[in-house]
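Take a look at the structure below.
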Amino acid sequence: MSLQMSEAEGAVKVEEWQQTFYASDSGIQSGATTIRDEEESEFCKKYSGSASAVESDTDVETQYSLTRAQRVRAAMFPETLVEGEAVLTTQNNPDQPTNVQRLAEPSQLLKTAIVHLINYQDDAELATRAVPELTKLLADDDQVVVNKAALIVNQLTRKEASRRVLMQSPQMVSAVVRAMQNTGDLETARCAASVLHSLSHQREGLLAIFKSGGIPALVRMLSSPMESVLFYAITTLHNLLLHQEGAKMAVRLADGLQRMVPLLKKSNPKFLAITTDCLQLLSYGNQESKLIILANGGPDSLVFIMRNHNYEKLLWTTSRVLKVLSVCPSNKPAIVDSGGMQALGQHLTGSSQRLTQNCLWTLRNLSDAATKQEGLDGLLHILVSQLGSDDVNMLTCATGILSNLTCNNARNKALVTQSGGVESLIHAVLRAGEKEDVAEPAVCALRHLTSRHPDAELAQNAVRLHYGIPAITKLLGQPHYWPVVKATVGLIRNLALCPANQAPLRESGTIPRLVNLLLKAHQETQRHGSGAQQTYQDGVRMEEIVEGCTGALHILARDPINRGEIASMQTIPLFVQLLYSYVENIKRVSAGVLCELALDKQSAEMIDAEGASAPLMELLHSPNEGIATYAAAVLFRISEDKSSDYRKRVSVELTHSLFKHDPAAWEMAHAAMPLDPGYIPDDLDAVYPPYGYSDIPMDGLPLDAELHEQYMPEMTYDPRQVYPNPL
Amino acid sequence: MNREEAPGKSPEEMYIQQKVRVLLMLKKMGSNLTPNEEAFLRNYAGVVHSQMSQLPQHPIDQGAEDVVMAFSRSETEDRRQ
């Protein structure tokens, strides 16, 4: 508000003011409410001695007769002083301002406020008188008239008082909306859009726009070729989305998303920041909106922005949209395919904490869809370095992303292993403590690194070399959070593949912990019955724990000392029982561990004593080659000391399973081999011809010459050896 | 188990062949063999040689597969800044 009035104007103004509502006498002119004259005179007399320059005695006297009120008036309204009238200052010391001087600034502020009020009332009155007329003119058939009216209305929005009047008139706001959407004139549209934009800074204005159908009209303006119209429209819509209830639904219904997504191709960063924020407001928690964004090419444009801009606020708002979209199963692969992982990975080392964190959460959400992506080397390096952070959010994200990106991806596994990822992950596990959101993915990542890639052995050794084994074993202890236990058991299995790890694993007490977990989990499965019923704890099936523990013990049993320890813990009966499991994997690992344990004669006898032969015979027929192999091996090993009858039965079963899918060969073998109980000699010391038996017709059975040669002289007779077939 | 051998081999030959195969599979899967089993393979080196090429090329027992973790189950909103 301009205060540059001349003295005369000021005097007039005040006079006018006095004739208005504010007519009560404040004493500015008359001094009516000020201190009594006697006191003032006393005051003046007291300090008059040191008064500054005096022209003459007469002047001095005139000055002294001025009241303080007059001095205040003079200080506040110098423009109201009568010409020639000057105020003598009572200031004694230049460094010490007088009371009036001290009053000067606050009183100036008060004066400004008073003047504002005066003008406010003027503006309000003017606007109130003008609104009905302007409303009519905005609907005029003559576009020139409409244009002029729009210009005036736009001017009126510049002042607060008149702006308020406008927004309080629904008819006016409607007229502006109609004018904006019906006009063919760009300038009119611009003015109208500007009006709505001005009104959108107050709640009253937002409500007026909303009620007047402003949202569909503004959405239509998003297709305008004029940049300023676009700017006004998007900003107004943004304000509506932020503060007006019902606006989100209205924008969606007006196809706002379909119009906004194409705007992402614009280049103005501030415009883009508002647009992306609108998209985030519209799509948060609304699946349909996310799908519309996808259908209009949103992921591509958003990733482009992340890759090519560096305005922090824009990057932040865009990362928020990507974060919202990253939980949508349809958007996820689209973002990944557009290079989203690489683009987000560009912003993990900058100074904006909020941007870094948003990118990390988004990457974590996307990571399970990105296991086959290429070009992630840079991202993987950054994530490994972030494993050193103390920020739990950063650790949660880094471990989670690494766990997924190393899943079934040999290249990523090798890169992370070679970048010191094993050591960093061990430190993350140590720092995670009981934070499962860090511990579980960290252990899973280690599990991935220690198997199924050329550098797996390097990783297995690195865990030991970086003192990881005790820390990992500790994770098997109470309290059990089963997802972490499951991951740890799998990791231990992989670590045991490395012979150098067998002793450290044993020394850290892994075997008893695994056996106890196995027993506990198995008891749970038995308690809840078998078959279709499955027991879950923390989202993990106890059958998975049984399988994992047995699998780890299987590999640990490759070491002879471990093997002895495992057998000594009375585990053989349980392993034999597990051969009957309905879970194929459990059958496999239990056959596997028994196969290893059976290398020791004493254990082989125990296995046999537990009645393992029957289920093992069944498992010979398994279509799973691993299962059949282990079963056959255990049977070989437990039958070494057996009677010939037993060995015959085993050989028959083996043969039967061999010819299961080749009936003709089975028939032929049957014919050649009378199932005579005496065909395998009881007398184990007898020497038998290396091939053929007396009751087998030799002609018609071509013998492999090489086999014949090998068989004859070098064969060491071993009575325990199962004989080559009968016959 | 190899069930596709051409008929014509004697049962004993089939048996040796299959036992060799079982032992070779065990070795492939990383398991240990007894001294007798190692001797058996040495004795039938010819069969070993012919069986080696017939072993499955894919890994047989590598433990549990890698599994992804699904993090994007729920949407979280940060405070507007």
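Placed from the backbone N, Cα and C atoms, the Cβ positions cover glycine too.
These figures come from a predicted structure and were not determined experimentally.
Feature annotations, reproduced from TrEMBL:
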type   : residues  : note
REPEAT : A:129-169 : repeat 'ARM'
REPEAT : A:171-214 : repeat 'ARM'
REPEAT : A:213-255 : repeat 'ARM'
REPEAT : A:255-297 : repeat 'ARM'
REPEAT : A:297-340 : repeat 'ARM'
REPEAT : A:378-420 : repeat 'ARM'
REPEAT : A:420-462 : repeat 'ARM'
REPEAT : A:467-510 : repeat 'ARM'
REPEAT : A:570-612 : repeat 'ARM'
REPEAT : A:611-644 : repeat 'ARM'
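For the repeat 'ARM' (A:467-510), the list of distant contacts is 422, 426, 429-430, 434, 436, 439-440, 443-444, 446-447, 450-451, 456-457, 460-461, 517, 537-540, 544-545, 548-549, 551-552, 554-556, 558-559, 561-562, 565: same-chain residues at least six beyond its ends, Cβ to Cβ under 8 Å. When Cβ-Cβ distances below 8 Å are used as the criterion, the repeat 'ARM' (A:570-612) is approached by residues 515, 518-519, 522, 530-531, 543, 546-547, 550-551, 553-554, 557-558, 560, 563-564, 619, 622, 624, 626-627, 630-631, 633-634, 637-638, 640-641 of the same chain, each at least six residues removed from its ends. Summed and averaged per residue, pLDDT over the repeat 'ARM' (A:171-214) gives 94. Beyond its flanks by at least six residues, the repeat 'ARM' (A:129-169) meets 119-123, 175-176, 178-179, 183-185, 187-188, 191-192, 194-195, 198-199, 202, 204-205, 208 of its own chain at Cβ-Cβ distances under 8 Å.
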